[in-house]
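Let me begin by presenting the structure, written as structure tokens, before commenting on it.
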């Protein structure tokens, strides 16, 4: 009898509680009450009444487990400028990987001139990979980690510095091949070229390691340049160095033009042919200098006058043309070379076009 009474009492209390729940928050089923049994965000579990002994029937009550219905996920908005830089880096990587493959698998392309072209292609390939990794570090990996930031900026500084210095080395090579046309190929050896390439890469890798060695603005944001975490002083030093390199290249190309015109005047029999050839060479040199200056001068000048407080859109607007220089380099220094063109045609279709010049190209050719 006692057992029946207790069971009936529990059922009455449960019905009363249910009635109170349905009437307490309004008569509508669409109520937003946190204990709505039809709410998908509320789960229910059976809990045993601890007052019951093991010899009596178990009375269970239904209790809700409140859980959040949704979880907000914050996604960083992707900048169109970063997408453009990533696409540019992909194009740079594909172009220069093709140049490196051609030079590596063609045994005849082992002259000092091709060593410098290969070194330039490696530098531009690393620059393209650096742009892709910078995009990955910014949007797919926690860029607040100091190691990630220093690795990204170090790779970009080393790669682009090596690209600029390899262009200077190619300019010096062309000048020397004209200035010492008779004795140039006997005095200069492949070993000397490798030493020059090693010196370029050691210097550029050292520049890239400077931020990791403490030359950064991670501890003092007020000293940052337009390219964090490079300090303002370091950015100015790199920009001034580039301006000096550009001035030296202009001087060397002016000397190349003078030597070419002098050779054209000294040989009267071939005067007309050489005049046409020299005019074409001068126009090519002018295009090379204009392209190089148009790509890098805006970024270099902006690095000198600006700092981290300037709008970031100005930084993007000057960085993007600078990266485009690595897109142009394979076209100017590799794909225009008849020997590389021949290797490309042989690799692609197994033949060489009849209109392709097979004349051996020397270092002085532009």
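Each Cβ is built from the backbone N, Cα and C atoms, and glycine gets one as well.
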Per TrEMBL, the range holding transmembrane segment, considering 147-170, 339-362: 147-170
Arithmetic mean of per-residue pLDDT over the domain 'G-protein coupled receptors family 1 profile' (95-333): 86
